[in-house]
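See below for the structure under consideration.
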Amino acid sequence: MEIPIKTLWIQVLERLQLELSRPTFETWIKTASAERLENNCLVILTPNPFARNWLQKYYINTIARVVQDILGHPVEIYFTVAQGDEISFLNEGELTQAVPIPNNILENASKSKTITSELNYKYVFSRFVVGANNRMAHAASLAVAESPGREFNPLFLCGGVGLGKTHLMQAIGHYRRENYSDSKIFYVSCEQFTNDLITAIRNDNRQGFREHYRAADVLLVDDIQFIEGKESTQEEFFHTFNTLYEAGKQVIIASDRPPNQIPRLQERLCSRFSMGLIADIQAPDLETRMAILQKKAEYENIILPKDVIEYIALNYTSNIRELEGALIRAVAYISIWGLAMTVENLVPVLQPKTEKLPATPEAILSVVADALNVSIEDLKSNSRRREISWARQIGMYLMRQHTDLSLPRIGEVFGGKDHTTVIYSCDKITQLQESDRTLVQTLRQLSDRINMTSSQK
Ligand SMILES: Nc1ncnc2c1ncn2[C@@H]1O[C@H](COP(=O)(O)OP(=O)(O)OP(=O)(O)O)[C@@H](O)[C@H]1O
């Protein structure tokens, strides 16, 4: 029998109070409450959109784990906002991705999910800042939006992490929808395409899968690099691509590298990806980064002094997502502590990425344990269980990045390991990043959390 929701939430709070730092607990957790628990979905009420987005981004896994421990089975966590209690400097869901609860989520919780994703309403051409780094990709996207299925088919957008590929491809989708409302726009990540295929195979419904994807007028496929080595997905995608192409339908693909650098990609797919236009996006220059911040601030109704814009833009150079993250942190910090928006006030929260932050070993252990679902004791233990030694290696790498501790001292923090173990772990994680974008993203998120934990101290 389920325990009453109030009792559940009291227990969750008791557990989280012990696990999280005091400012984190007081600011984000204590202000939230459990609203409903139905069909293994727990809806958590938050005081404003900002708190909702913050919890969704940084604490959803922690809360889900604690709730699962208490109930003895997994639950899906959804965050919602108390009505009429908006934070003044934010519009609903503006600064980070909104996390709406579909009306029928509780009823449908046990049913299967829809096959393609929705477009993010913010990813439109008017919100995209054009600079030298993305001019060609932008022009090509606009051309494809106006005349799909013509000369740039497929359009292959490539560039490093967080540089605007998804934004541009979705802008094409929005443009078509706005101007041709009956146009069928399908946006899907490569991972989702694979999952849909697996589900179709499991349900013996491969035909349904094919009919669905081949009905698209414009097919947008994100992060295609993850198709590497997935033979069945490549096979299916090849046929989907051919069918759409021959019917004059537009295909747009985004990737963190050009087709010929995607390992274990079938030759025939590589050549098809290359037969339209490959448009790459580079890291933005200072002026473009400042213009992006300025535009974001305008959309969010935030007044940002010029020197603050310049300070952020100077310190976040290679990834626009990080640039936006810095703006979010700045606004949150200023708002929570009631400070003026000045460079001096922002220095503690916007440390340049290249500087080592004064993170404590305990904070790093706690962030890694929390994010990778192991305990701090596990990290310090001699256990060779795969997930524990993986978390330990990541922890050692991050400790090397974020502290000035010597290798032997890092070994000690992890329960008395030899310094050669630390070297091995750091080298391994460094090397893996060359081929594993997911790992790069995970490390970036963990670093952000470590920085945040440090700045909250
Ligand atoms: N030129 C730009 N103007 C305004 N915002 C931008 C621009 N480029 C990127 N952004 C913003 O930066 C964030 C990251 O962009 P996006 O998700 O499109 O990157 P990506 O290249 O697809 O990254 P990934 O490789 O991680 O999938 C988004 O919020 C996007 O709106």
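Along the chain as shown, the residues are counted starting at 1.
Placement of Cβ uses the backbone N, Cα and C atoms for every residue, glycine included.
Unlike curated entries, TrEMBL annotations are predicted automatically.
According to TrEMBL, the feature region 'Domain I, interacts with DnaA modulators' maps to 1-95.
For 118-334, the entry in TrEMBL reads region 'Domain III, AAA+ region'.
According to TrEMBL, the domain 'AAA+ ATPase' annotation covers 151-279.
If you look up TrEMBL, you'll see G162, G164, K165, T166 marked as ATP binding site. Within the same chain, residues at least 6 positions away in sequence whose Cβ sits under 8 Å from that of G162 (ATP binding site) are N319, I320, R321, E322. Taken residue by residue with DSSP, G162 (ATP binding site) is part of neither helix nor strand, so it is coil.
Per TrEMBL, the feature region 'Domain IV, binds dsDNA' maps to 335-457. Per-residue confidence over the region 'Domain IV, binds dsDNA' (335-457) averages out at a pLDDT of 85.
Look at TrEMBL and you will find 360-429 tagged as domain 'Chromosomal replication initiator DnaA C-terminal'.
Note on G164 (ATP binding site): other Cβ atoms within 10 Å of its Cβ, all shown chains, come to 25. Residues within less than 8 Å, Cβ to Cβ, of K165 (ATP binding site) and separated from it by at least 6 positions along the same chain comprise A137, L157, C158, G159, D222, A254, S255, I281.
Long-range neighbours of T166 (ATP binding site) (same chain, six or more residues apart, CB within less than 8 Å of its CB): N120, Y123, D222, A254.
When the region 'Domain I, interacts with DnaA modulators' (1-95) is classified with DSSP, helix, strand and coil residues number 46 helix, 18 strand, 31 coil. Listed in chain order, the extra residues whose Cβ falls within 8 Å of the Cβ center of the ATP site residues G162, G164, K165, T166 are G159, V161, L163, H167, L168, A254, I281, I320, R321.
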